[in-house]
Amino acid sequence: NRSDLSPSSFILASIPGLEAAHFWMAILLCSMYILAVTGNCAVLFIVKTEPSLHAPMYFFLCMLAAIDLALSSSTVPRVLSFYWFNTREISFSACLVQMFLIHTLSAIESTVLLAMAVDRYVAICHPLRHAAILTNAVTVKIGLVAMARGVLFFLPLPLLLLPLPFCSSRVLSHSFCLHQDVMNLACANTTPSVVYGLTAILLVMGLDAILICLSYILILKAVLRLALWKERLKVFSTCIAHICVVLAFYVPLIGLSVVHRFGKDLAPLVHITMGNIYILVPAVLNPIIYGVRTKQIQRRILNLIHIYND
């Protein structure tokens, strides 16, 4: 039976006993999604139109904004359709495509965060060489490498799932498709998929996290060599926005991984909530963090509000 090899669809997870609250949950998710889209589009527009922000750090910020827009847009509209119209089924092919996009875009974002950490390291530890090392051409090449790295590492994930037979249960534990979630429904040996998935995550997100930590160790050493505390705080304050963005990305990622690994007996609400946090929270927080920490962005936002009110 061919349907045993590749099911026509999967069933997105709902929260038992809270079906009546789906409408209000969708309102909350929709509000966060609108905030994420508005904030990230504002970042793209402001960096494009503000010459003083035409620098590698803000080009990387634009990459983050574009990734967050793509990641949230590949999942949230489908989740809202489920909550508002009870369309719980997602086709097998659409599920694999969504899974590929989620993992690939997350890998690209991790690489961009590493590039931003390197940018901070060069700017603080080698300020005279910063402009020569991180040129616009180098920034574009880093973006292309980040895209290629994400695609090459995570394209095999859906391909490894294609030949697997699936059990009669087609109910996922999230409102969208993740590799671990789909893989757990297979009725076959998933060792190759498990090993490759873990290897890809360790070689991308794991390695990036280690290198980001290493860059900040070197930054701290350079900052502590400064004589005055006021100078140390002033220099290190340029890294605060990036540190917050890194935490906004890695904390939900680690939390979701822990829930998948150790939380099989947890309530469905925990799985669904952690999944939604992973998808939406970084997209909402990133433009807010840089909006608060960057005076040029603050000034342009205030100017836009003033023009709109007039």
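Placed from the backbone N, Cα and C atoms, the Cβ positions cover glycine too.
Taken from TrEMBL, the feature transmembrane segment covers 20-46, 58-76, 96-118, 130-155, 194-219, 240-263, 269-292. Marked as domain 'G-protein coupled receptors family 1 profile' by TrEMBL: 39-290.
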Same-chain residues near the transmembrane segment (194-219), Cβ under 8 Å, at least 6 residues beyond its ends: 103, 106-107, 110-111, 113-114, 117-118, 120-121, 124-125, 149-150, 153-154, 156-157, 160, 179-180, 183, 236, 239, 243, 246, 250, 253, 257
Spatial neighbours of the transmembrane segment (269-292) far in sequence, C-beta under 8 Å, 6+ residues away: 13, 15, 18, 29, 32-33, 35-36, 39-40, 42-43, 61, 64-65, 68-69, 71-72, 75-76, 79, 102, 109, 173-176, 178, 241, 244-245, 248-249, 252-253, 255-256, 259, 263, 298, 301
The transmembrane segment (58-76) versus listed stretches 20-46, 96-118, 240-263: most Cβ pairs under 8 Å: 96-118
Contact set, same chain, for the transmembrane segment (20-46): CB under 8 Å, 6 or more residues outside the stretch: 14, 53, 61-62, 65-66, 68-69, 72-73, 76, 79-80, 82-84, 86, 276, 280, 283-284, 286-288, 290-291, 296-297, 300-301, 304
